[in-house]
Amino acid sequence: MRLELREITKRFGDFTANDAIDLVVEPGTVHALLGENGAGKSTLMNVLFGLYDADGGEILLDGERRVFTGPGDAMAAGIGMVHQHFMLVPVFTVAENVMLGHEQVRGPAKLLDLDAARAKVTEISDRFGFHVDPDALVEDLSVGAQQRVEIIKALSRDAKVLILDEPTAVLTPQETDELLEIVGQLRDSGTAVVLITHKLREVQAIADTITVIRRGTVVGTAEPTATQEELASMMVGRDVSMTVDKDPADPGEPMLEISNLTVIDPATQLTVLDSVSLEVRRGEILAVAGVQGNGQTELAEAILGLAEITSGDVSLDGEPLAGRSIRENLDAGIGFVPEDRTEDGVVAAFTIANNLILDLYDREPYSKRGAIDPSAVADHADEQVERFDVRTTSSQALTGSLSGGNQQKVVLARELARDLKLLIASQPTRGLDVGSIEFVHKRIIEERDKGVAVIIVSSELDEVYALADRIAVMYHGRIVDIVSPDTDRDTMGLMMAGAHGDQEEAA
Amino acid sequence: MSDGKQDETPVDSTPREPEGAAGEPDAGSDQPSRAQSVLREILESSTLVVIMAIVASLAIGGLLILFADEEVREAATYFFSRPSDTFQAMGDALGGAYAAMFNGAVLNLNANDFAGLIKPFTQTLTMATPLIFAGLGLGIGFRAGLFNIGAQGQLLIGATLGAYVGFAWHLPWGIHLLVAVLGCALGGAVWGFIPGVLKAKTGAHEVIVTIMLNYIALNLVAWLLTLDTFQRPDSNNPISPIVDETAQYPLILGSEFNLHLGFLLALACAWGVWWLMERSTLGFEFRAVGANPRAARTAGMNVSKAYILVMTIAGALAGLAGSAQVLGTEKVLTTATAGSLGFDAITVALLGRSRPVGTVMAAILFGGLRAAGPTLQVQAGLPVDIVFVIQALIVLFIAAPPLVRSIFRLPAPAHEKEVAA
């Protein structure tokens, strides 16, 4: 089925999210929609999927004009969408999820025909080699498998056009490769695939056509042969350097020493960190790599004191950290960029100025004798907003109104405002666009060059390679190995899945 | 709500400006859109919603007045032969009711002298005093993310301690009042500290704990009032002796009026709470903990400490509300000392959007409604319950801002659209 969007325009108040966008998706091709966060990619697809009413333009399927008033219409017309956040019922089985909303019944009692759903799942799963058990509970499946369930759901409704919204954001490198393989198979079977992403590597790997969107308009199309730099500069609208300039590390004496650190989650009694030992020296960046949920978060939290240490020792500059309050650890010179910036990093309902003093509010000059000095806070905020290039109309704007990248800059500005000995940054560029990533990386390297010991926790291999002087790979709460950044991606991927990288260590 | 990837989620209808767009200088030329956005801001402000809620409640209250009025019902029986009678009766009923409310709560236009003229308003302020105290405390809790239902119990315990100091101790003038007031605050503070510490240390939910403590407080007072220490010697009723005159709040406008020093103390507390929440480092912590406890904890704040302090301060303020009763208007302790003050104060705090100025204004509104009740009954012959219905309607409308907005066709603020989509 050939999908054509003509002059689609969507406005929200004064803001034009999509400005007369034209897009043609041919059957049997993968069409990548590339753009920064907030460029309008998702809005466009939501218009197509019937979730938004367009203010202008038309949708044509095989040359015929169609109007969708809701996702049901779009699905009936053969458009399937896999959302970034899965729309699955965790306590239902795969087959139940697949038939949800399209329940088939049989017999006079109108019983649910689970067998039919099961057969359909098996059929699609076998056709594309998904290896999905129709009777497995969705909550027991890995993220990658859940995504395949979403794809099966779309295909079971005979989707001829499949929209994948940021599908790799939650996947491991191996799962990403598997997904790209699946996308290839779908294309070969004649499905038109729209891949929404801001990841250049995937676009290059799979796309047949690339359309780049910036600020709600199509800024151009590109061939998959285009270099990452070319694609990135189209996305951002200026030249972007994809590699981070950094001098070789000049590590000094050990700053953070961890030995046999074990953390047992008090709620689940699971061992989330299993005798981890490592050392980070002044002026070096240690990246902790691994698939999400393998203890990296807990490692960062245990160092700061957010997670309770069950056993083992952590010391900063020779002083033990265990048993001290978070405040004492922050005062001792730890900077902490939390993984989930909206939950742990900023208070969205506070102004930018107040977020910038969230851990400095009881120090001079921001407060004296228990009273906050609003003008000192405002001056500090204006200065930091300027220095970190936070894009806002005023430092008194609410932090929740900022884009993710700018919120992250606020967190970073706050943490780097103190004199640090150790900087812990978890997923420092998650959800950020190319331009902001570049900025954040530069700042982190500047800290390293000032002699700060830096720990980066990241599930993005690109980021790990860009920043790390050494890489610790974690799996199931243990450190699999600590390797140098010239270890190749395949080996790294295997280690992230738990395989030991002995041979690399020897090399 | 606003994750970095949020703009990629399908259910979100809020446009996110692309990076950089917000940083561009606003074109000075587009005046209409600026004027529009100012208007939008005014329309979206919750203050307007509050006012509209009050207006809507008074209007529905008016309907009830019509139904409750005998003459209107009588005239309505022959509506089709002489509709003018019905309308006449309706006009009379409404006019009479609103005039009675005005006479009872603001200015008595039937009075012969100036004192009589302003007496209703001083009565309103007197009625508002305990609501201001308790509402301020609850407001602090709401802003710190604690839904404290326990003002009732905190008020009672505070009143008990204060009243005891008032009638059992005989101290010099000035000192006696001071100690009695502090006793009220202390009693309330203890009753607030308990749920605070339980929440902080064990995670027990403050709603349940405070509700239970209300019952405990009420029954504790009922029992205390059977003991010789608390019960009036010449009475079999559960009522305490009258507190010494030295422990009573002095009347600030002379003996003709009931308005007492507690009102000024309440205003001082309002200023104090404003300073605490807006200017002090402690208030900064409270607000951060309320808006995002996880981020507050990550930034090194002691969330448990904040919970305990907030509940203790809220309890102390509720205790002071008790002082307005036992050292101010009633001068004795009974099991009815708290009335429904602790619960009305929740409404007052919500109506005032948990801000001190708003709380004071909401308390005065409620004080006015309470002051108007008797006049409504005497002058307009309406059941006093109308006042409580109006109070309840206000709560209903406040609790449902989207309803108020749709009645008055106000645009929804951006964040609520997000949730609704």
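Yeah, the Cβs are placed from backbone N, Cα and C, and that goes for glycine too.
Database features, via TrEMBL:
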type: REGION; residues: B:1-36; note: region 'Disordered'
type: COMPBIAS; residues: B:1-19; note: compositional bias 'Basic and acidic residues'
type: TRANSMEM; residues: B:48-68; note: transmembrane segment
type: TRANSMEM; residues: B:89-109; note: transmembrane segment
type: TRANSMEM; residues: B:121-142; note: transmembrane segment
type: TRANSMEM; residues: B:173-194; note: transmembrane segment
type: TRANSMEM; residues: B:206-225; note: transmembrane segment
type: TRANSMEM; residues: B:257-277; note: transmembrane segment
type: TRANSMEM; residues: B:306-326; note: transmembrane segment
type: TRANSMEM; residues: B:386-404; note: transmembrane segment
Using a Cβ-Cβ cut-off of under 8 Å, list the residues of the same chain that are 6+ residues beyond the ends of the transmembrane segment (B:306-326) and lie near it. 129-134, 136-138, 140-141, 144, 146, 148, 150-152, 154-163, 166, 180-181, 184-193, 195-197, 199-200, 206, 243, 249, 260, 262-263, 265-266, 269, 273, 276, 282, 285-286, 289, 296, 332-333, 337-338, 341-342, 345
What else in the chain is close to the transmembrane segment (B:48-68), if you only count residues 6 or more beyond its ends and a Cβ gap under 8 Å? 42, 90, 93-94, 97-98, 351, 353, 358, 365, 380, 382-383, 386, 389-390, 393-394, 396-398, 401, 404-405, 407-408, 410
Need a quick answer: max count of Cβ pairs under 8 Å to the transmembrane segment (B:257-277), which of B:121-142, B:173-194, B:206-225 is it? B:121-142
Same-chain residues at least 6 beyond the ends of the transmembrane segment (B:206-225) whose Cβ lies under 8 Å from its Cβ atoms: 146-150, 152-154, 156-157, 160, 191, 194-196, 198-199, 231, 238-240, 311, 333-335, 337-338, 342
